[in-house]
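S.K.: Have a look at the structure that comes next, please.
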Ligand code: KIV
Ligand code: ZN
């Protein structure tokens, strides 16, 4: 059996320190429920002395957490902080006080204005004081990543002797190279008396984009708890992303001699929840949980994934609750991807028929970044309409706007291939076009309905127009047309309705 790595989630404390990400108690409870569902080992629920809201959140989360999940409150190495945290944690079945202070030269000299010995005294006192309230006390050595290693060993040993059950070695500024940070952990394990009896935790930040690498290297060197946040939320460039650490451990568990108890199928849901509650958007290409994490856009990749998913995917999307692999249809997509998606939508075509569908698809794709299912449906339906056409659109142009009189110039092509061109005025651009159509296709009808909708997302969406015309005998005919240009889709829809009306009477 591999080593169990505890996942300590600090989304609700360090994550919330991300500018603009503050949450109220209700929102924190929603996230906490998801963290519990995901099986995290520890939830750092807040910094109780910092505000009544944080106090309440820690107390409420303590109430809902089961006896498998530790609830932790942060404090400075200050008695009052510890007393308030202990009070907030009274509701928790498994309470933990997380106390500590800065240990790097700049923290000691510039922030705390303490000598190393004074810092050790403060650490011993804080841990002992916290142990009066709870059995589980985690000591953090803030900015350990830039601390003098001999001093770090001394203060950690003092904290362990004072009763710390967990020692947290943060790279607060994300400064280290992963192997140097790993070496610090290995050195602590070698030199600190009693460290084998406590959990070594690591808490890394992403200032150089290496938070996950730092945490993994620490695990490789003996750490058995990783502190992290959903989506890597946190101060400045953020904390270690929980989903990344968990999936690295899952993918390389044997090599790392490590596993976690996280229900990985809940990762995507957790990511979306945190993003929607905090308003912090997840970048599209974010590992594991970005919307593009399992999306394939180039024709070569799509062809590979359709033949065998693992040609371009190392994780099964289902394992992180991400639905499935996505084939993004765009101008770079090939025949295989289009045929596959069409088949999923229930359309199969003979080769020559498919080729003309593919060409129609490329025309749409050239105008749009991404072609959606609704676009494909429109392409297929447009084709069905065109095959029944008596009149087809040759060209349409309108000039309109204030203070112009809307004018349309229109060319329709009849069944024999002859072009008919006219111009007409109207009360608006569509009215002008419809008057021009009526001049060419002279068939008695009344336009009884006109509706337009965007069939896909974005500014480059296809606009689909539906019209209903009533013939002289009261019979109603529906026509549809779609195009990126709504004047073109309006024209196509009207012609489509009139073609139906005429063919019904032939
Ligand atoms: O980054 C850090 O060092 C911290 C500590 C308070 C644990 O967040
Ligand atoms: Zn931090």
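Numbers here mean position along the shown chain, with the first residue as 1.
Every residue, even glycine, has its Cβ placed from backbone N, Cα and C.
Unlike curated entries, TrEMBL annotations are predicted automatically.
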S.K.: Please state which member of 132, 176, 239, 285 TrEMBL lists alongside 14, 203, 205 for binding Mn(2+).
M.R.: 239
S.K.: According to DSSP, how is the region 'Regulatory domain' (392-506) divided among helix, strand and coil residues?
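M.R.: Its residues divide into 32 helix, 49 strand, 34 coil.
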S.K.: Are there any residues in the same chain, six or more apart in sequence, whose C-beta is under 8 angstroms from the C-beta of residue 239 (Mn(2+) binding site), and if so which?
M.R.: 10, 14, 15, 203, 204, 205, 206, 211, 227, 228, 229, 232, 233
S.K.: Hey, of the binding-site residues listed (203, 205), which one tops the CB count within 10 A?
M.R.: 203
S.K.: Other than 14, 203, 205, 239, which residues of the same chain sit close to Mn(2+)? List them in sequence order, counting a residue when its Cβ is within 8 Å of the Cβ centroid of the site.
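M.R.: So the additional residues around the site are 10, 170, 172, 204, 211, 227, 228, 229, 234, 235, 238, 240.
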S.K.: Count the other Cβ atoms sitting within 10 Å of the Cβ of residue 14 (Mn(2+) binding site), across every protein chain shown.
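M.R.: A 10 Å sphere around the Cβ of residue 14 (Mn(2+) binding site) contains 24 other Cβ atoms.
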